[in-house]
Amino acid sequence: MADHTHALAVEGLTKRHGSGAGAVDALVGVDLSFARGTFTAIMGPSGSGKSTLLSCVAGLERPTSGRVLLEGTDVTSWDEARRTRMRRDRIGFVFQDFSLIPYLSAAENVALPARLAGRRVGAEAMRLALERVGLQSRAGHLPSALSGGQQQRVAIARALIGQPAVLLADEPTGALDSATARDVLALLRSAVDELRQTTVMVTHDPVAASYADMVVFLVDGRVSGRMTAPTADAVAAQLAHLDQLTGVAR
Amino acid sequence: MTALALRSLRHRLPAVAATFVAALLGTAMMASFATLLESAGGASGEDQELLIIMGGVVGGWDALIVLFSVASTVGIIADQRIREASLLRTIGALPRQVRAMIVYEAAVVTVVAAAAGAAIASIGGPALFDALQRGNLITSSSTYAGGPASLLAAAGIVALVSTVAAGISSRRATRGPAAFSLRQAEVPARGLRWWRVAIGVGLVTSGLVSAVITITVTGKSDDAYAAMQTSGSASIVVGVGLATLAPLLLRLLARPLRPLLGGSGSGHLAALNTTRRAYLLAGMLAPVIVLISGAVGTLLMVGIDSRTLTAAGDPEGVGDTITTINSVVLGMVCLFAAIMVVNAGVAVVSQRRPELDRLWRLGATSDQLRTSIVMEAAMVAAIGILLGLLGSTATAVPYSIVRHEGLIPNGQLWLAPLIAGLAAVLAVGSAWGAQRRPAR
């Protein structure tokens, strides 16, 4: 079974929002697999289904049809509670808005998924997790006392500490300035290189995509192309091309 | 900004409903008492005195609870708008414009609600007057003379207080740089403002002074009801005072109680939320304190009164009637306070929807979120019960001493657990109801 070599795979993934004449197909039969220890960027114009794909993979939304396989296990039909536990235990999530809990300190935010699972994070593990993102001196600070880049690094530490099967990042640099964004991207890259952390990142930024091993382009809910060893310029050129494609399609 | 305020009203019905209900019922009660005061003008002798006491003194305590509740509800609602306020500012709205929008909205809702409340009072006022007359507290020679003046005055005061409260809260929503609060969706907690601490401490002190005066001065008076006039309001005044200080008291008192929540994920969240976000949950704590303090204090007083009236001397034989009136008034006040507990519980939990959604995305199960919210509400209820019972002693203890029952009243002590239980059920129940579907 090829599945076992993949941290994550989706087969025939379709997601339809609404019904009848007003129905919108966000994803149409998407097949993708993500090998362990790889960094993949998902790109495409607005409305191409990037974020829906991530939501379906994370169990935030249930696909209309198709399968999501996490480490070879079909999680598609799992109920709400089971998908929540999967998200907590097997998936690390980094959001554009950081999604830190405002009344928890940096360290408490990092420890939160484990606490929700009824576990505690040891002092040494916490020290290492914060050290990895360069925030060991900020453990006790509340998010309001941290800069945007620091908050996103806390969120990355939170996503990594559980050694998830896959780290999903939804526009992780969307709310950051370009210098801070580069730090955050370098951090994600180092997690892939040093921890062999499988990472899937949705982005619209060609520079961000250039940190990945491979770029998958989505157009109108379908995979329209792939690029390995991407550079920012090549990605930008391809995106411009995709915009033309969607223009023709409509 | 006016058009924006009106449009935004339509999109935030639950929040608008909370303000509307508080202002409607509050005005209905306040204006009913105000008509008695207006009727006193045309009455003579003892009738006039009684109408002034009912309208002015009893109505005054009632007004205190009403105005506090309206201001507190408007405050909770304005706090919900920090993110929206920041959003408007990032697209170019001046803080002044955003504040104007929040104030204008509160003003529109409360003016409409207060007008409707005054209409209810135009029926409630005569009914109250009629009850007093049938109870022989006032003679049949006096006639009801409540009119637009008292109704409008009460409605105007409610609308004014609500607008001023919105003005104060709107400053909180527009403080600090826009982008910062947009990212946080929450302005970092800060201590209570000095004027709020001053008001709280002032109210508690004045309640305690009433208690001391009851024991040392009015309790020794020949008039059996002199003591009731000074001690009756003490528990309400102390209760409102403690409620004004609620954020501070919650932070202090929740800390030692934290271990009770246990080490589960839900308990962990509830423990940190109650202490670090005391200013938010204080909106829920305040009406619980007022309800318990006012209800337990006054009910115990009425109980003591009916047991000891004969001994204290009741030359005019009005004891039963006064008990009846006390019960009616108290029933209204309790009902109002109970509605405020539910109102605040729902508003506070609804405000947290984005945060609950965030926790769900991070892997908190719906059960965990539910448990966490219920634990918080239970903690808030427990602290509210403690503070409320403390406040109730400001009325019960002096009155008990004056009527020779000692420090602790001789009977009806079951009232305390009964009302406390009721308040706990309301607080936890409303939080439970509001969280039904926290995720998405």
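Each Cβ is built from the backbone N, Cα and C atoms, and glycine gets one as well.
Of the candidate ranges B:15-34, B:235-254, TrEMBL annotates residues B:235-254 with the feature transmembrane segment.
Scored by C-beta pairs under 8 angstroms, the transmembrane segment (B:149-173) has its highest count with B:102-129, from the stretches B:102-129, B:194-215, B:235-254, B:324-349.
Note: the stretches the transmembrane segment (B:278-304) and the transmembrane segment (B:194-215) are not in contact (fewer than 3 CB pairs below 8 A, sequence gap of 6 or more).
The stretch with the most CB contacts under 8 Å to the transmembrane segment (B:102-129), chosen from B:61-82, B:194-215, B:235-254, is B:61-82. Tertiary neighbourhood of the transmembrane segment (B:61-82): same-chain residues 15, 18-19, 22-23, 26-27, 29-30, 33, 102, 106, 110, 157-158, 161-162, 164-166, 168-170, 172-173, 181, 185-187, 232-233, 236-237, 240, 243-244, 280, 283, 286-287, 290, 294, 329, 332-333, 336-337, 340, 343-344, 347-348, 350-351, selected by CB-CB distance under 8 Å and a gap of 6+ residues from either end. With helix defined as DSSP H, G or I and strand as E or B, the domain 'ABC3 transporter permease C-terminal' (B:64-176) counts 91 helix, 0 strand, 22 coil.
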